[in-house]
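Per TrEMBL, the features are:
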ACT_SITE  GLU107  active site, nucleophile
ACT_SITE  GLU111  active site, proton donor
DOMAIN    6-221  domain 'GH16'
CARBOHYD  ASN115  N-linked glycosylation site
SIGNAL    1-30  signal peptide
Amino acid sequence: MMTTSSMVNSLLLPIFACALLVATLSAAAAGSFNNDFDITWGDGRAKILNNGQLLTLSLDKASGSGFQSKSEYLFGKIDMQLKLVPGNSAGTVTAYYLSSQGPTHDEIDFEFLGNLSGDPYTLHTNVFTQGKGNREMQFKLWFDPTKDFHTYSVIWNPQQIIFMVDGTPIRVFRNLETRGVSFPKSQAMRIYSSLWNADDWATRGGLIKTDWNNAPFTASYQGFNADACVWIGGGSRCSGAGTWMDYEMDVTSQKRMSSVQSNYMIYNYCTDRKRFPQGLPTECTIN
Ligand SMILES: *[C@@H]1O[C@H](CO)[C@@H](O)[C@H](O)[C@H]1NC(C)=O
């Protein structure tokens, strides 16, 4: 069992270390896709346009496409605006996520599962810590995500990970290390995104296949902003600090999150008792 003072130390030390880094270093956040990202696959299907202000991914029968951030981040508030594949997007998946590398990697996922015209997209989220995921929560959205750009954000600090849609928190994963749940806090993550064909499972569990007559499918990105700590050569350079680094949801934000979860959540691993017959994961049993 942990003594009270070692618990306090293990909570305060990382926060203190980060505050020091934040106080001594700062970096500019604004940029362009040319400066911040590399196109990693798709053989010309991913394009950076408008002087670096717009990025498009496309998917056709031969291939999807993807990009990744040049930088690795360890904590931050990371915003990206996405406009998803319009029309009949069934079978397509647009993945947007942060991930570290290796078998014990950490990962923070947004995945957008396409649908038939008029049927709602599913926003699928997950959190991996130390290589272990199985923490899916799925939502419908309260708008058509294919008509306009909407902002999908992650606030990741030593206390919690918050998923946000247009500034509304939809999900939080708290740091419950003191209760034996691992939390991503020491492995830097890159940002990744890809558009690919997953018609073996994505839409109504794989029942509805991609209609290649509609190809190429295109998703668009703009307005990237990272107020974050950039991990460089074993050290961290932070920007926009003081706001996100110790951000906690206030009562209003918590109410907005509860309202989204009761109105738009369509799957929650924390209530799936059939899936966890030996008992729900620890983080699900702590308020
Ligand atoms: C697609 O639409 C159907 C019908 O509304 C719905 O059941 C399903 O959850 C939607 N999303 C996916 C990814 O299949």
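Using N, Cα and C of the backbone, Cβ positions are placed for all residues, glycine too.
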Among GLU107, GLU111, ASN115, please name the recorded positions whose Cβ is nearer than 6 Å to ligand 1.
ASN115
Please report how many Å separate the Cα atom of GLU107 (active site, nucleophile) from that of ASN115 (N-linked glycosylation site), as a whole number.
25
